[in-house]
Amino acid sequence: MGSRLKQNPDTTFEVYIEVNRPGSTDEDPELQRIFPEDFSDQEVLQTVTKFCFPFSLDSLTSSHVGQNFTFVLTDIDSKQRFGFCRLSSGAKSCFCILSYLPWFEAFYKLLNILAEYSSKNQDSQRNELLKTLHGHPIPEPGTPMHLSVHSHFTVPDSQELPSIPENRNLTEYFVAVDVNNMLHLYASMLYERRILICCSKLSTLTACIHGSSAMLFPMYWQHVYIPVLPPHLLDYCCAPMPYLIGIHSSLMEKVKGMSLDDVVFLNVDTNTLETPFDDLQNLPNEVVSALKNRIRKMSTTTGDGVARAFLKAQASLFGSYRNALKIEPEEPITFCEETFVSHRSSGLRPFLQNAIQLQLFKQFIDGRLDLLNSGNGFSDVFEEEINMGEYAGSDKLYHQWLSTVKKGSGAFINTMKTRANPAMKTVYKFAKDHAKMGIKEVKNRLKQKDMAENGFSTATEEPLPQISPSSIEKKRGEERRPITVHFGQVRPPRPHVPRRPKSNAVVESRTTAGSSPDQPQQYRTLKESDADGDEAISPEKDSSEATVKEPQSTEVKHVSLLEDIFSNLQTEPPLLSQAKSLEDLRTPKEDHENQFTFDYQRMDLTAQERTRTIPAMKHGHPYNKLWSMGHDDMAIPNKYLQISPERHLTLPSNSTVTPHKDSALTNIEKEVTIASSQGNITIPRPHGRKTPELGIVPPPPAPRGIKLQTAMTDANKQQTGDSSNYHGQITEGSLRELSADNGEKETAGSSTSEILKPVKVSTEVGMNDDDLLSLLDPLKAGRYQTASQPPMGTLPHSFETPCCSSTPLLTSLQSDFVSPAFSHQLGFAPQPAFLHSPLNPFAQALAAEKTASVMGPPMGVFKAPVATALGSHSFLPTPGIYHSPRPLTSALQGSNLFGQISSGTPLNPVIRQSHSLSETQSNMPLMTSIPAGHRTLPMVQSRSKHQDGKPREYPPIPPRPAKLLEPALLPTKSDQPIDPFEDLLNKTKQTVTPASGKVEHLRKQWETFE
């Protein structure tokens, strides 16, 4: 294989000698001792003695040349013999062992022991050790060898890669020379240049020579190889052939005087390299860069990493030699140089074209061919690296030989036919294994990529497609996208906090009928729901195809809660910033295995409302506000709110329709419904009852602006003229003015700095009689609106008032006591019943029969109840305010509460509505109609003059004792409306001038109320 090591030497060493340093350069070294004593090769003895002192004896630094070094002698067969030397202190003498075995560490250790014996004149121990070593059979590589108590070592293996720090030569070479110089030296050796290395220490010098040449494995330097050059052989530096020579720095002055042309010179002491060639640049760039990176990574680690980095470079350059092997029947295996060069890439061909002319490569190929043709075969780390790397290519012929060829007496035993089948099997298995590993790696990478992007594996669950509506679908005005529920994984129950109401779509599914926040039901994925083979209908598909695949049902139709409301409807999915969950971003599919029943309510507005644009409107429609608010739980059906009682939704429609009893029951039993109309309220039925109760709907409050009243009065007159068509309609003027009015309230109430401002107290004499009373009356709560609510036109929730103020003058006084911003900051936690202090100066202090416990967010708005006897649950229209259930009081069994008409007396709902409207149209805007089946609380016109001023927010009023409401709970006459506050107003008819101290005292009580 081109190795210059002698195989199977006769003894472990040839000769051991001790040499004394000569007194001058003209004298020869004096031989002191020799073992074995019968060694007769005088020529070798003369040469060895001259190599024992390879430096200038006249140099002042000759005593500091180091201790251990190795020289090499070449025999007649071009085999190397290593001379392991150890210089004594001051370099006065040298101990040398000449051997064919490259056991550097073992012989250095033995030399130290022998030097100690000589210094102590222990000749018997020295001779015994040398005799044992010389007569010991050569052990196998890797086996321990015991010579004496103090001399034992492990036999090194020349076929293994050298490691750091076990290999002394590689360790010193790697420490002394930097990476770039190592690469340049490696490239120069591949191009077989004339290389000179100099150093002031003999140990480092010879280590660099041996270490650099070892990096050529599995190739060997085939030219002049002199690790350390003695003074009498300096003329070798002018040799025309390639060489690798080490010279002590004391001899460099003589070498520089010679004509050295095309010599690569490396000075280890200064770590500088001089070369007239571009050998490193001529190597393939990918090989050099990979080698450099590997060496730098291994610079701080131990082991064979550095040697393996060079081995990989050798494999990448020469590993494809297998493809150039030619196997002919009954002929020796040969190597085709043209095939070796032509099958590689164009960037590598120039180097390979030069490599086939190199002596080291030719010796390498000849050694491989000798082993192949002899039938012995081979297996070393280089071949293993080729098999592991990507350098082998299609080495079919080589595998064919490895599996089948056997040669004896110079002839093949088997024919090529018998060798072909097992060879092909080997190649097939090799390729199959590599293919499987490659496919598995690709799958794993794709799986990891999908899991990193989507959060789940595609092998177990298919991701829900996100389909954006196309332009074709937007043009289909009659097609309706089906309302589907969110299918996905079960989410943990959320904390019981106040939430906004659900949308107005009541969706019921058999698969999710029992879901609740505390016990969520596992939603089936679309992949499971489509197990029957039905594919989900994409919104992009044709409507005819969608109709065929849709389950036939008379109750289920394509329902759209968002279309057919306004012309400026936004049907695009909510923005990413509005989504609180990944489920909001998915486009749900239809489940064809289960049929869903959709029950919906919608607002049918007039044609004017369809075409107009509501001011200060963020969303195109109130429903869009609901669908994009962010709580993804609202999209899950049958998920009950913890803060909202069960109530039936009653919305006005264009035609006067009597509520159907069955449909009302169905809606109540199936799902929670939230009121979305403006101006009506429905009393929830008590648990266990099957018929919904009729509610009492007080009219909305009146604005207090003169300019606003003019437009509102005109609008109301227009509606009064046609009371039959009024049901379910909202006048454009009132809606615009109300939205503007509410916009002003939002602006006024949004500033939090007003909380710290001093409260304005009016102390004018001649104040209206009803001012202070309206402040203290819990029924004068006025309109409720938080800073977070949208304008009137875009309210997604019901906007109702339990009662309304009779005059705008009362409102102006009420807002003087408490600032608008301060009213938003009051939130009342549930508290037990307590006695109220008499806030009304004209009424006696009464014990509170039942105080309404208010629950809401800290920034919520307090709302007073209409009455304590309206039902088993008292609730308020704004979400987040919940009144605890209270038993029916005796007032229900009294005198026809709120003028309730007996069941036996029929009453035309249209007449009743028009009657109520005629009485109250002059001082209040009617936002929505009062549907049939509900009773209205009529209001008397104010006898006071209207006061100019901006509408203000009402101060929060705590629950009042129920007895204060009794004057209003009087029977009403069918022909004339009765003011429920008439008695109380008559009682307080006298003019009251509040004192400044009294008002200040009341204001402090309101501010400190908990």
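Placement of Cβ uses the backbone N, Cα and C atoms for every residue, glycine included.
As the structure is a computational prediction, the values presented were derived from the model and not from experiment.
Look at Swiss-Prot and you will find 13-143 tagged as domain 'uDENN'.
In the domain 'cDENN' (160-296), helix, strand and coil residues by DSSP number 66 helix, 24 strand, 47 coil. The domain 'cDENN' annotation in Swiss-Prot covers 160-296.
Across the range of the motif 'FXDXF motif' (378-382), the DSSP-based residue counts are 2 helix, 0 strand, 3 coil. Per Swiss-Prot, the feature motif 'FXDXF motif' maps to 378-382.
Positions annotated as region 'Disordered' by Swiss-Prot: 455-554.
Per Swiss-Prot, compositional bias 'Basic and acidic residues' is recorded for 472-482 (among others).
The compositional bias 'Basic residues' annotation in Swiss-Prot covers 493-502.
What Swiss-Prot records for 509-524 is compositional bias 'Polar residues'.
Swiss-Prot lists 538-548 (among others) with the feature compositional bias 'Basic and acidic residues'.
Feature annotation from Swiss-Prot assigns motif 'Clathrin box' to 560-569; the stated evidence is similarity to another entry.
Residues 1, 159-161, 217-218, 311, 314-315, 319, 368, 371 of the same chain lie 6+ residues outside the motif 'FXDXF motif' (378-382) yet bring a C-beta within less than 8 angstroms of a C-beta in it. Taking DSSP states H, G and I as helix and E and B as strand, the domain 'uDENN' (13-143) has 45 helix, 34 strand, 52 coil. Summarised as a single figure, the pLDDT of the domain 'cDENN' (160-296) averages 91.
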